[in-house]
Structure formats: C-alpha cells, structure tokens
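TrEMBL lists A:16-36, A:43-63, A:83-102, A:114-131, A:166-190, A:210-235, A:247-268, A:306-329, A:341-363, A:384-407, A:419-439, A:464-491 (among others) with the feature transmembrane segment. If you look up TrEMBL, you'll see A:131-433 marked as domain 'NADH:quinone oxidoreductase/Mrp antiporter transmembrane'.
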Amino acid sequence: MTLAEMQFVLPDLRPAAAELFVLAMSCLILIVDLFVKDPRRTAVFALTILTLLGAAFVTWAGASGEVVYTFSNMYVHDFMADVLKLLLYLTVIVVLFYARAYLLARPLLGRSEFYTLTLFATLGMMVMISAGHFLTIYLGIELLSLSLYAMVALDRDSPTAAEAAMKYLVLGALASGLLLYGMSMVYGAVGSLEIAEVAERLQAGQANHTILVFGLVFLVAGIAFKLGVVPFHMWIPDVYHGAPTAVTLFLGTAPKLAAFAIVIRMLANGLIVLSHDWQMMLILLAVLSIGIGNIAAIAQHNMKRMLAYSAIAHMGFLLLALASGVVGGDARYALNAYSSAMFYIVVYVLSSAGTFGMILLLSRAGFEADNIDDYKGLNRRNPWFAAMLMMLMFSMAGIPFFVGFFAKFAVLQAVVAAGYLWLAIVAVLLSVVGAFYYLRIVKLMYFDAPADASPIHAPLEVKLLISLNGLAVAVLGLFPDILMWFCLLAVRLSLTILG
Amino acid sequence: MDFKSFVFYFFSTILVLASLRVITARNPVHAVLFLVLAFVSGGGIWLLLDAEFLAMTLILVYVGAVMVLFLFVVMMLDINLDRLREGFWSYLPLGATVGALMALEMGVILGGSYLNLFESSVPSAASESNVKAIGRLIYTDYVYPFELASVILLVGIVAAIALTGRKRKPTKAIDPARQVLVKASDRLRIISMPAEKKE
C-alpha cells in the first residue's frame, strides 16, 4: 500500500470536546504557571476553576440522549457520561475551594502542581467515564492514579505522606497489573477489546468460556483493588490517613464516580453474559467489605482512618447494588439495580465531600483536626457547623430522612427484588453496627466539653459551600426523586442490555 | 512437534525460569540480569510471531536503555540485603500456602484444555511491513490511546519535577543564569574620594 492509497479519516472530535478542552487548558496552565510570581498562586487557582466551569459548559452544550462513538469506538459519549462528568466537575470545584485555605497554610503543598495534577487526574476520570474500549479504561485509570500518587507525596517533609504514597504506588501498580492480565485474557478469549464488540461476540457465543472466566477473576480483582473493597482494601486506611487532608478529600470523592462508570462499562455493558459469574464475586466482596469496614471503623480514633473504613463499607453497598442486576439471565431488574448504584455513589460523594471538607475547615496552620477528640464540644464552638456535620453523619449512617437513608433503601430494594433477602438482612444488620461510629461523632460534638475553644476561621465562600453541602444532604433527603430520576434516565439511555 | 513449536517452548521455558529467578535471586544485580534474559526471550517469542519490529524495540529500548539504567541504579544503591529480608521466613509459610493454593486453583480451572488452546492458530502479522502496520494503526484507529499515553508521560514529568525539583532555602548553590546576568555595578561601588595629602 502506497502513501497515496492510505485513507486517513479525521475522527469526529466533537463528542470529546470537553476532554480536549481540559487537556489544552492543563497544558496552558503549566505554561502560565512559569510566569506567576504570586506565592498564593491565585491566578493558577482561578484558571483551574475556570477550566472546570468551561468544561462543564462544553459538556452541558453537547449533552444529548444519544449514544455516540468516536475515535474508532474507543470513546463513547452518552447521557450517563454527561451526568457523571457534570457531577465530577462540580465535585472537583468544591474540593478545590475546600482545600484552598489548607493549601495556603502549607506552602509545600500549595504549589501550582496541586492544581495541574488535579486537572490531569480529572482528565483521567473523564476518560474513564467515557471509555468504550478496555484499553481506554486502563489508560484513564493510569492517568488518574499517576496524578494521585504524586499528589499524595507532594508534602515531602511528612514521613507518613511518603509512606502512604509508596504503599499506594506499589499496590496500585499491582492492581493495574491484575487488571491488564484480566484484559489480556478477555482479549485472548474474545479477540477484541472494544466493549460493544466484546458484548456482541459473547452474545453470539463465540468465545472460550474457561479463559474468559479466568480473566474475569483478574478483572474483578483489579476493580476491587481500585474501589478498595475487602480483601483488596489494605491500602485505603493508610493512604487516607497518611495523605495530606486536602488530597484525601480529592482521593475519597471524585474517583468514586469514575470507578462506578468503569464497573458499569466493563461488567454491565461488556461482560453482561457472564453476569452470573461476576455477580457471585461482587456479592462476596460486598458482604466482606460491609462487615469488615463497619466493624474496623469502630476501633479508629483518627477521623480520616475512620472515614477510610467507612468508605470501604460504602463501596461494599455499591457492589451490592451492582450485583443484583441480572437474575437467572433475566435483566428485568438491571435498570433498577444500576440506577440505585448510581444514586448511591452520587450521595456518597456528596456526603464524604462535606465530611472531609469539615476536617479541612477545622484544621489550621500546624494543626490537623483529624483526631476524633478534636470534635469534642464543636456545638459550643460553632453550633451551625456542628449541625452541618451532624446532618452529614446522619446521612452517612443512613438515618431517615436524610438522603443517605434513601440511597441505602434503594440499594436494599434492588437486592430484595433480585431475591437475595438474606443479603439485605446482613447488610442492614452491619449498617446498624456502622451507625455507632457516626453517632459517636455526634455525641462528642454535643455532649462533651471542648478540648480547644479556639474559634473557627474560614473564608466566606468555604463557609457558604460547606453549609450548602450539609443542607443538600437534608434537602435531597426530602426530595430524593429528582436525583433518582436523573440516575434512572442516565442508566436507561446508556445501558446496552436494555436495548 | 515441528521446529517452530520447539523454538517456542525453548524460549518460553527460558522466559519462565528467568522470571522466576528475577524474584528469587539474592543479589539484585543478578535479578536485573535475569530480567534482561527474560526480555530477550520475550523478544524471541515475538520474532516467532513475525512481529519483528516489536521484538527489536523490546531489545533496543528495554534491554539497551531501560535495563542498563536500572543496572546502573542498582549498582549505585547500597542495599542492605539482610535488612531487606528480615521477616521473610516468618511470612513464608502463609505466603507459600496462599501462593500454592492459587496456583492449584488456576491449574484446576485451566486444566488440560490450555494445551489444546495453543493449536487454535495465532494470526500471522507478516502480510506487510511491521513498522508500516504499526505506524498506520497508531495514527488512525489507536490515535486516542496513543495521545492518552503521551498525556500520561507528561504527568510523569510534572510529578517528577513536583516531587524532586523544589528549591531548598539553606543551600549555597549558585544559579548560573543569575551569575551571568551580574553587572559590575551590582558588585562594585566606585566612590570618589578627595585626594589626601600624605603627611
């Protein structure tokens, strides 16, 4: 074939406009940063926020209910991707505002790299959310993880941060290896890595089932590592605890949205034919996570560690919903189950952003409010923020009528509909155990004398955002239907098995 | 067994044994050398599949550049092997049991069917030049992952600089750029003084 014979068709760039915009802006910010003399890095911060707002506009303008593929089917643009991306931008913006004061008080952390790495991590998550190919999923995960490893280690003078980064890097590399090995097995069995193509060929039954299941085990193990569910959870408490709180806030919120997206893309869209196999694995992981997460959280005296174990338990709940989509080859309940999983993850991100934001709010230069004793008597120091944190804790514990209750309720409903009554009972019992440590924080805030009576200083916009975040948990608890409707629509328009 | 399968099994055996030695060798320099051997055998297997460009790249880039660098670093590091291996024996029984169980399970799942699988033919890549085929795919079908890989490399650069390239206050290092820009007037002050008569 000569050069003249080669046909080069330019891929349709419009569906991926938001990604291209974020990439271009990230590179621009890297250059602008060279000329910024201001040690507060206000220009870089403002540009980062503007980039995210711009990306939100691009995504909003390009949103439609249709499923569009581009880049030879490696990129998929659908309604679920739009919803998740908009939530992702919102989360990252909120995270950056919460983190701002904390970063300013710590010069080593508050360099422009924090902002550029955040943008690159966001780009990685966008790629994961819109992945139409196993290769894109892997590259998105790597882009996200690489940025996160560096962000955890940014505070070079802290030995705990260095240890956390090291553990995260080594275990993350291991997880990537598992994931890649699983993907290579899927490729060996099916002969394609394109998610839609894999699903089609599996439907037609042209694949070696043994090799496929063998690869599936590694795929699920890799995902479990990234989600941080038992028995692949060992890195979560150390990384959450060791990382600077601003990074923990980022690490514990936005990536969960992307992780949900890749599970849906890989398992529910690509490998739905094998649902019987992976659902069993997910149930096992879910029960272990809810159990160990909730019980181990009770023993923690560090707020970040406690929230890390709570994250493990919450991810278990997510898997529970994902595991009850298909019953005996019948995908009737899939819409309900997957949309409740999406609802759950959105609510979790909302509550955990608020809780970590509260830790950042109470921290100041040279002081980390990450011990649970630091919350003693918060009500007497500042009754408004105590009330906000109380609502967030109630929502996380799943107490009616906060939005966390409806999230748990929707998941349990899906689980019962799928016929796993025992599973729902176990999950409820273990959640009751979990409620203890959330309520302990509330007890410390309201019934104990403050150990440190210093007033709380924060910029107005942070106070406003935290208040909005806390109130959102309560208001969405009164009207959960709106969010649920969006999740239902997103899943219905994007899931291929629903036709 | 024809000659091709013989060569395949020959390379595979060396590859597996060398990989095993990478993680069991006591001396890190030996481990790196075994890794080089593993890469070369992997290159051999790729040659067998007519993927000569990939085989050459593997040997040139990995063996020629990456592994040499690796070897250099390992030789430079002063690794205390005894401290590294502390606790090895206490973890061994549990680790060995779990490892053996997993290997057994994989063996049971894959069973004998694995050998038959090998006969399902491997597609031959040699209908056209390797370099041409890869070049065309990278800039057409795979342009998206290709670009993403470059973004990942960029993040690698940013991260490396962010983690290592910070200015430390107390060092006495001199910035050559600033040194060059120095003008005489910055350093030297010429004062006009009235002439004094010697007593």
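Cβ from N, Cα, C; glycine included.
What TrEMBL says about a protein is an automatic prediction, not a curated fact.
Outside the transmembrane segment (A:43-63) by six or more residues, the chain places 14-15, 17-18, 21-22, 25-26, 28-29, 32-33, 36, 77, 79, 82, 85-86, 89-90, 92-93, 96, 100, 112, 115-116, 118-119, 122, 126 with a CB less than 8 A from a CB of the stretch. Using the rule of three or more Cβ pairs under 8 Å, pairs at least 6 apart in sequence, the transmembrane segment (A:114-131) is not in contact with the transmembrane segment (A:210-235). By the Cβ criterion (distance under 8 Å, sequence gap of 6 or more), the transmembrane segment (A:464-491) is not counted as touching the transmembrane segment (A:210-235), fewer than 3 such pairs being found. The transmembrane segment (A:210-235) makes no contact with the transmembrane segment (A:16-36): fewer than 3 of their CB pairs lie within 8 A, with pairs spaced 6 or more apart in sequence.
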